[in-house]
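Taken verbatim from TrEMBL:
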type	residues	note
TRANSMEM	A:41-61	transmembrane segment
DOMAIN	A:101-292	domain 'ABC transmembrane type-1'
TRANSMEM	A:107-129	transmembrane segment
TRANSMEM	A:136-157	transmembrane segment
TRANSMEM	A:163-181	transmembrane segment
TRANSMEM	A:216-237	transmembrane segment
TRANSMEM	A:266-286	transmembrane segment
Amino acid sequence: MYADMNNDPAVETEDGRLEPKLKRTGRMTLYVRRFMRRPSAVVGLVLLIVLAFFAIFGKYLTHWTYEELDFLSLGTPPDGDHLMGTTSGGSDLYAMVVRGLGRSMSIGILSSLATTVIAALVGTAIAFFEGWFEKVGMWLLDMLLVVPSFLLIAMIVRSASGTAGWLWLTLGLTAFGWIGYARTLRTLTMSLRELDYVRAAKFMGVGSLRIIVRHLIPNLGSVLIINTVLGVVSAISSETSLSFLGLGIKAPDTSLGTLLNEGQSVIVTAPWVIIFPSLVLIALTFSMQLIGDGLRDAIDPYSKSAGKAE
Amino acid sequence: MIKYILKRLANYVVMLFVAVSMTYFLASAFMNPRSNYMSRHPAPPEASINRSLDNANINDQTPVILRYLRWLKGVVTKWDWGLAPDQSPVGSAVATRISASVQLVTIGTILSIVIGVAIGVYTAIRQYKWQDRTLNAIATFFLVVPTAVLGLFVVFGAIWLNNATGTRLFYVTGLHSYGGSNPWGYVVDFLQHIILPTIVLTIPGVVGYHLTQRTYLLDTMNADYVRTARAKGLTLNQAIRKHALRTSLIPTCVNVAFSIAGVFTGAVITETVFAINGLGRYFVTTINNNDINGAVCIAAFGGACTLGGALLADIASAWLDPRIRLG
């Protein structure tokens, strides 16, 4: 797989002038081709699409809803009526997994996107303004990293409950998730701020915000895209951890972590309550990880994981 | 060197102070101890609620700045971290739980570093061979398994094994249950308890160190000075051991130092799954009881661990990295 990276047809065609017979390949086409060449990345993408369909349309496969309790079957194993069995409280596990998957996915994706936006703006701004601004900014970032963010998120989310709880959780994950990431981006920007056209723009009197948005952030594009995808994995992990501890999503709403929490007490008597959410959760994080790794190889020209030309 | 360390230390103390103060205000804003009393039947009279809240210095009718100054005075002058809503002192509650956390986390951390770095070096030397690919695939898998899932499956497996063998090989709750006086019995009992949580703590740690150490070593293995060492006639193993490995250990050392606090938060899940009465589990209790002082005390402890780790990282990289010269 790695050996044929060298006679990469896309790379050759990119240099269209040397071989005029070939059509020039656009950048997006190139990325897509490189991504699709990796079997694991395609598997990840297919898995994610299947999961997304499951989360959106899965509820039409059963007549139970996640809020409905079936008092005639408490803690029953999977059968024709309850596709994944029921919890000890009588909820249909299938309906809950569908709902929980949707919740975990939306929390993960939303907070990862928001985290990237904030981290990109703050990280580049700190590096761009240099001088005392950079010193103070870095000190503040370090200071915010002192207290483990997990504790702070738990504090904030705890007071929120009901149906808006998941928005609070997203907010909490975002509010304390961007800090370490902003530090990394600042390090990357330190070399970008010395680029000639960035300096030229600065001396021509282009506004700082415009330079940051037009010149600096697009340069970090590949890093941002990859980290947004991988950030979903860590956001979902945090979400499930908090919900598992009973500090995140609470009933009547449900998420994969909440289901794990329910399954913990009946691990011996009703193992299906823990097995199905776990499998779905692993499939979700695994697919995002595979996609992220695939994107890294496709987009990042400096990526080492693409293999060496030898 | 001493001057450098003192300077960093002073900076970290200020940082810790600001961070803990921020946590105090956040906790006061978001946690509502009064609600503990509201759910009681019959509801206690307003005056008695206020009295017990005032006594613990967590009454939301007192301005937060006043509460903060009182709390700060207690911490600075008497090392008194305040009272929980049920009037029990927070400081001693944290102190008793530190030992359980330390027992749990120390073994896990040491094992993850040793195994993780070893696998990282092993796979880096065999880049793209089947050993590397297999171990990498396993690592990618464990990288994405959330701790809660991992913990619950380990419990599941242990119970199954206990049932299959008919003897109690592993305990899935607590750290100690042996009541006798035989020291050997005590050790065996401790091992039976600690092995499962240690597995749960070690696997993610190993994966992390494996992947990062592999990357770092691959980076330095292609460096010019390693090629020079090879050209001078050293074997590949010698060149890696004497030249590449040392440089590649610098970032790992920094990670190790910072992991002290990370392991602490990671252990929240493990402690909950295995019902170990450590700091992580206490933290969940404080949040559920709206215990502002308790939560702040744990945050302060976590912050002190982070900065202690950062200081260690500073010293370790200064010691390992020949490019860093201290004034």
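Every residue, even glycine, has its Cβ placed from backbone N, Cα and C.
Taking pairs at least six residues apart, the transmembrane segment (A:41-61) and the transmembrane segment (A:163-181) share fewer than three Cβ pairs below 8 Å and do not count as touching. With a cut-off of 8 Å between Cβ atoms, the residues of this chain six or more beyond the transmembrane segment (A:136-157) that come close are 122, 125-126, 129, 165, 168-169, 171-173, 175-177, 179-180, 182-183, 186, 238, 241-242, 245, 247-248. The list of residues near the transmembrane segment (A:107-129) in space but at least 6 beyond its ends in sequence, with Cβ under 8 angstroms from a Cβ of it, reads 137-138, 141, 166, 169-170, 173-174, 177-179, 181-190, 192-193, 208, 211-212, 216-217, 220, 224, 227-229, 231-236, 239, 255, 288.
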